2 protein chains.
Amino acid sequence: MFEDNLPKTSLSELGEFGLIDHLTRFVKTHQPTTHKGIGDDAAVINHEKEQSVITTDMLIEGVHFDLAYTPLKHLGYKAVMVNLSDVYAMNAQASQITVSIAVSNRFPVEALEELYAGITLACDTYKVDLIGGDTTSSRSGLVISITAIGQVQTDKVTYRSGAKPNDLLVVTGDLGAAFMGLKVLERENEVFKVNPNAQPDLEPYAYLVERQLKPEARKDIPQLLEALKVKPTSMIDISDGLSSEIIHLCRNAKVGANLFEEKIPLDPAVISVCEEFNIDSTTIALSGGEDYELLFTIDQNDYDKIKGNPNLTVIGHMTEEKEGMHLITRANQKIPIKARGWNSFEDANDKE
Amino acid sequence: MFEDNLPKTSLSELGEFGLIDHLTRFVKTHQPTTHKGIGDDAAVINHEKEQSVITTDMLIEGVHFDLAYTPLKHLGYKAVMVNLSDVYAMNAQASQITVSIAVSNRFPVEALEELYAGITLACDTYKVDLIGGDTTSSRSGLVISITAIGQVQTDKVTYRSGAKPNDLLVVTGDLGAAFMGLKVLERENEVFKVNPNAQPDLEPYAYLVERQLKPEARKDIPQLLEALKVKPTSMIDISDGLSSEIIHLCRNAKVGANLFEEKIPLDPAVISVCEEFNIDSTTIALSGGEDYELLFTIDQNDYDKIKGNPNLTVIGHMTEEKEGMHLITRANQKIPIKARGWNSFEDANDKE
C-alpha cells in the first residue's frame with residue numbers, strides 16, 4: 001500500500017523517540033477523564049464512573065490483514081474499532097486507548113503516518129483519547145496491539161454470563177457483510193496478480209468492502225439501550241461469527257438457545273454476492289466473523305421497548321441448557337449450532 | 001529454548017480459545033480492584049484510588065530478545081517487569097496487566113506454558129492480576145505486548161516534568177549490570193556456536209546475567225518514598241540508560257543537570273567485567289539500558305530523609321536550563337550529556 005508516489009523517509013532517520021513525537025503530534029484529547037496522555041512513563045486517568053473496563057487485541061500482518069488490499073489508514077481505523085467493539089459489548093463507553101506498533105524497516109515513516117491517520121480519525125470520530133503506546137521495530141511485518149479503556153456505572157456493566165431461559169436473543173445491524181467483502185477483495189487481488197492493468201469495479205460491492213475495511217463499532221447501542229431503559233442480561237460482540245458468540249453466551253450462562261434462520265438480518269448485498277460466490281448466506285452469517293455487531297439477551301418483558309427499532313433484530317430465544325443450541329431452519333429443521341468462527345492457529349483458508 | 005526433551009503439543013491442537021483457557025487456568029487474582037478478570041469482552045476494574053495509570057510495552061523476538069540465550073520463563077517475567085517499572089516510575093502501585101502474545105507455529109504449547117509460567121510468577125510475586133489479553137498466531141517469531149494498570153492517589157502522582165533547579169538527582173540501585181550481562185550472554189552464545197560442547201562458567205557473572213534475564217522492578221521505591229515522606233519532584237524509569245533519562249527529566253522540566261561520575265553506583269561485578277571487555281564502565285551506566293531502576297529528583301530540603309539509605313544514591317543536581325546537561329568526570333572535566341540509549345530502529349549492534 002505504500003509502493004506509490006508518497007515521499008519515503010526511513011524510520012531510522014527519525015529514531016524511536018522522534019518517530020513517536022512525529023506520529024502523535026496531532027493527537028487531541030476529548031475525555032475529561034484523561035488527566036495525562038502521551039509523554040510520560042504512563043498515562044493518568046481520572047475516574048468519573050465507578051468502574052473501568054479494559055480490553056486488548058493484537059492484529060498481525062499476514063494473519064489478520066493483508067496489505068495487498070488493506071489501505072493503512074483503514075487498517076488503523078479498524079484496529080481501533082476491533083477494541084472499541086469489546087468495550088461497547090460491556091455496555092460501557094470507550095474513553096481511552098493505547099497503541100503499540102512494531103514495524104519493519106521496509107515501512108517508510110509516511111506509511112506509519114497513514115496508519116496513524118486512521119487511528120486518530122477513529123479516536124476523533126468516537127471521542128476516544130490516544131494516551132500512550134510503544135513504537136518499535138520488527139524483523140518482518142507489521143504488528144498493531146491496542147488496549148482500550150472504558151467507563152461504566154456498576155449497575156450497567158453487562159457480562160457474557162447473565163442470560164436466562166426464555167430471554168430473547170437480539171442482534172444489532174446485519175451480519176455476514178464483512179466476510180463477503182473480504183471474499184470480494186481476495187478475488188480482485190487474484191485478478192490483479194494475473195493482470196495488473198485490470199480495473200476492478202467494486203461499486204456493486206461498496207457496502208461489503210466498507211464493512212470489511214472500515215467497520216464501525218456500535219457506540220450507539222449502549223446509549224440506545226440506556227435511552228430505551230433496557231439492561232441486557234448478557235452481551236458480547238460478534239467478531240468471530242454468530243454461532244461462536246451464541247455458544248459463548250450459552251456456555252457462560254449455562255443455558256441453551258434457539259436461533260431462527262429466517263430472522264437473521266442480512267443486507268441484500270450479502271444475499272446477492274453469496275449467490276454470485278455460490279455460498280450459503282446463513283453459513284456466512286453464522287461463521288463469517290468481523291461484523292463487530294453486538295449480540296445480547298433481554299428479558300421478555302423488555303420486548304415492547306425494543307420492538308420495531310431498526311437497529312435491533314430478535315433472532316431467537318434462550319432455553320434450558322439441556323435443550324442445547326440449535327438453528328431452526330426455514331424448513332423448520334433443527335440443526336445443532338457449532339463454533340466455526342475464526343481460529344488464527346488454523347490455516348486462514350480453512351475457516352469457511 | 002524449546003529444542004529439548006519437553007513434550008510438544010502443536011498450537012492448532014488446542015485452537016485459540018482452548019489455548020487461552022489452557023494458559024490461564026492457574027491465574028489467581030490478588031487485587032480487590034479486580035472485579036472481573038479474564039473471560040469476557042473486557043475486564044472490569046473498581047476504583048479505590050482517585051487515579052489510574054496505564055502503560056504499555058511491546059517486546060519483539062530478534063529486536064528485544066534472542067531466544068538463543070533467553071529462557072522463555074525469564075522472558076515472561078521480564079516482559080511484566082518492563083511494564084511494572086513504568087507504573088512505579090509514576091509513584092503508583094501496579095494492580096493489573098493484560099498480556100497479548102503472537103506466536104508462530106514453530107512454538108509448541110509447552111513453550112507458551114513456560115512463557116506464562118514466568119508471567120504468572122511475576123504476577124504472584126508483585127501481587128498484580130492478569131486480567132485479559134489476546135493470543136494469536138504470527139507468521140514468524142514471538143511478540144509480547146503487555147499493558148499495565150496502576151492505582152495512585154492524585155497528590156502522589158509523579159511525572160517526568162517537575163524538576164526544579166537545585167533539586168537533587170537520585171537513582172535507585174546500581175547501573176550497567178543488565179547491559180554487561182547481555183554482553184556476557186552474547187559472548188557465550190558465540191562460543192557455543194563454535195563449540196556446542198563448551199560448558200560456560202557463568203558463575204562469576206551471576207549478578208549481571210540475572211539483571212539481564214530476570215530484572216526486578218522497583219515496587220519497593222514508591223512504598224519507601226511514602227514511608228520517608230518524600231514526594232519526588234519528577235521521576236522516570238531507567239530503561240534506555242542514565243543519559244537518555246536525565247535528558248528526558250531536563251527537557252520536560254526545562255532545567256539543566258550536573259551528574260557526578262564518581263557518584264554513579266556500580267556493582268563491583270560491573271567494574272570487573274568492564275575491565276575484562278575493555279569497556280568504560282561509566283559509558284555503560286550512561287548508555288547501557290535495561291536497568292529498570294528509578295531516577296528521580298527531590299527538593300534539597302528532603303535530603304536528610306533519604307541520606308544514607310542503601311537503596312538511594314544522590315548522583316547530581318539540577319541546574320538552570322541555560323547551564324545545560326553535563327557529566328562532571330572524576331578528573332573534574334565537564335562533558336555534555338548526549339542520549340545514546342536504545343533505539344530499536346538502528347542496528348542493535350550500533351547501540352554501544
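The backbone N, Cα and C atoms fix where each Cβ goes, and this holds for glycine too.
Please treat TrEMBL annotations as automatic predictions, because they have not gone through curation.
Remember, it's a predicted structure, so these values are computed and weren't measured experimentally.
So that you can see what the record holds, here are the features copied from TrEMBL:
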type    : residues                                         : note
BINDING : A:ASP41, A:ASP86, A:ASP237                       : Mg(2+) 3 binding site
BINDING : A:ASP41, A:THR55, A:ASP86                        : Mg(2+) 4 binding site
BINDING : A:THR56, A:ASP57, A:ASP134                       : Mg(2+) 1 binding site
BINDING : A:ASP57, A:ASP86                                 : Mg(2+) 2 binding site
BINDING : A:HIS64, A:GLU290, A:TRP342                      : substrate binding site
BINDING : A:TYR116, A:GLY133, A:ASP134, A:ARG160, A:SER239 : ATP binding site
BINDING : A:ASP240                                         : Mg(2+) 5 binding site
DOMAIN  : A:39-152                                         : domain 'PurM-like N-terminal'
Cβ neighbours within the same chain of A:ASP134 (Mg(2+) 1 binding site) - under 8 Å, at least six residues apart: A:SER100, A:ILE101
Composition by DSSP (helix, strand, coil) of residues within the domain 'PurM-like N-terminal' (A:39-152): 35 helix, 46 strand, 33 coil
Binding-site residues in contact range of chain B, given that the Cβ distance is under 8 Å, out of A:ASP41, A:ASP57, A:TYR116, A:GLU290: A:ASP41, A:ASP57
Residues near A:ARG160 (ATP binding site) in space but at least six apart in sequence (CB under 8 A): A:SER234, A:MET235, A:ILE236, A:HIS248, A:LEU249, A:ASN252, A:ALA253
Candidate nearest A:HIS64 (substrate binding site) in space, where candidates are the binding-site residues A:THR55, A:THR56, A:TYR116, A:SER239 and distance is Cα-Cα: A:SER239
Assigned element (helix, strand, coil) containing A:ASP237 (Mg(2+) 3 binding site), judged by DSSP: strand
For the domain 'PurM-like N-terminal' (A:39-152), the mean pLDDT of the predicted model: 92
Residues that sit under 8 angstroms from A:ASP57 (Mg(2+) 1 binding site) by C-beta distance, when 6+ apart in the chain: A:ALA79, A:VAL82, A:ASN83, A:ASP86, A:SER145, A:ILE146
Closest of A:ASP41, A:THR56, A:ASP237, A:GLU290 to A:GLY133 (ATP binding site), Cα positions, binding-site residues only: A:ASP41
Entry from the binding-site residues list A:ASP237, A:GLU290 having the most other CB atoms no farther than 10 A: A:ASP237
Residue from A:ASP41, A:TYR116, A:ASP240 whose C-alpha is spatially nearest that of A:GLU290 (substrate binding site), among the binding-site residues: A:ASP240
Binding-site residues compared (A:THR55, A:THR56, A:SER239) - the one with the fewest other Cβ atoms within 10 Å: A:SER239
Pairwise Cα distance for A:THR55 (Mg(2+) 4 binding site)/A:ASP237 (Mg(2+) 3 binding site) [Å, integer]: 12
